[in-house]
């Protein structure tokens with residue numbers, strides 16, 4: 001395995017994403033032992049030829065409880081994983097390709113996994129596609145065993161091809177001659193052996209078109225040999241091309257007569273088809289009824305839903321208008337707050353400057369600030385203060401007399417004493433003011 005990996009690394013030089021190609025190819029080889037790598041020339045449909053990595057061999061499937069090996073070949077383009085691999089069914093000499101919706105007559109494989117590969121190229125890989133092929137081939141095998149060709153008896157002058165091939169031929173040196181129509185269903189049912197035989201080297205796959213086995217003793221009619229084919233064109237994609245036909249001197253096989261077993265099988269097959277068609281019609285009608293019922297429910301629910309959505313739309317519109325107004329008001333308030341913040345910062349700055357200026361000034365004595373600048377002014381301050389104090393004392397003595405807290409004799413005595421003292425202080429105040437040149441307010 002290591003030698004194979006070393007070889008695989010050595011041949012991936014032209015690839016754009018060598019690590020991804022190596023990883024995916026190695027994963028496929030590990031999971032499918034029947035596949036092996038090689039490099040070979042691949043011819044595109046436009047005639048271009050390139051040397052590509054090819055994973056060829058067989059993949060196992062289970063069909064009707066029996067394991068078969070399907071021969072395939074997967075070509076990896078240089079731009080992988082941007083482009084999907086190109087896959088073919090490669091039948092052996094004892095097999096024929098059965099055309100289906102996933103495989104054409106040339107063996108090329110078609111599948112939605114490849115068609116939509118580019119939509120998720122990073123997640124798509126060859127291993128997943130191989131497993132997908134196992135699933136679809138288990139339901140519809142792409143190959144079947146080539147029928148045995150007994151020696152044809154003496155024939156009529158006309159030549160008839162087997163079903164599924166060209167309906168005209170041109171003998172050597174002759175002109176085109178049409179072939180009559182052949183019943184393909186009876187022809188295939190009467191001529192194909194359905195018993196699968198499998199070896200480790202090749203697959204003998206039964207023709208999936210057969211659904212019943214001929215009864216004992218029924219001998220199938222002679223089978224016309226299918227045309228021989230040679231492989232031409234691109235590698236891994238065989239172009240089926242018939243060899244030159246025999247001349248008219250060789251007697252062709254006659255049209256096979258329809259035996260009793262084939263007729264019975266045809267009737268059973270037609271009955272099965274009719275039964276299946278009846279079931280499909282019943283299922284189709286049931287689906288139509290369910291769709292109509294669902295449509296009526298939707299038609300009944302749509303008006304209410306539309307009204308509800310319109311109401312929600314109106315509310316959303318009103319809410320949008322209210323939100324727009326609120327956003328505008330908030331913008332104005334934000335502008336006002338910003339202006340107030342700027343004003344507050346300016347006042348804080350001025351206050352800080354004033355505080356710094358006051359801290360730089362020297363300390364002041366309170367007595368010096370309140371007192372006068374001369375002795376006369378200081379005497380005036382004291383006399384004015386004592387005059388007001390005497391006014392207050394006279395007021396409270398009157399209150400005490402009204403409340404009968406003191407006797408009238410004591411009241412008169414104190415009033416007389418305070419009035420005499422107040423008179424002397426006021427006279428002195430008047431004299432000091434006249435001396436100082438102050439206005440007389442008493």
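If you go along the chain as it appears here, the first residue is 1 and each next one adds 1.
Glycine is treated like the rest: Cβ placed from N, Cα and C.
Since this is a predicted model, take the numbers as computed values, not measurements.
Record note: among 81-139, 199-257, 258-316, 199-257 is the stretch given as region 'Disordered' by TrEMBL. Region 'Disordered' is the annotation TrEMBL gives to one range among 24-63, 144-183, and that range is 144-183. As annotated in TrEMBL, coiled coil covers the listed stretch 327-361 rather than the other ranges in 327-361, 362-396.
Not one residue of the same chain 6+ positions outside the coiled coil (327-361) places its C-beta atom under 8 angstroms from a C-beta of that stretch.
Across the domain 'SB' (374-442), the DSSP tally of helix, strand and coil residues reads 57 helix, 0 strand, 12 coil. Per-residue pLDDT, averaged over the domain 'UEV' (2-147), rounds to 90. Secondary structure of the domain 'UEV' (2-147), assigned with DSSP and counted as helix (H, G, I), strand (E, B) and coil, comes to 45 helix, 48 strand, 53 coil.
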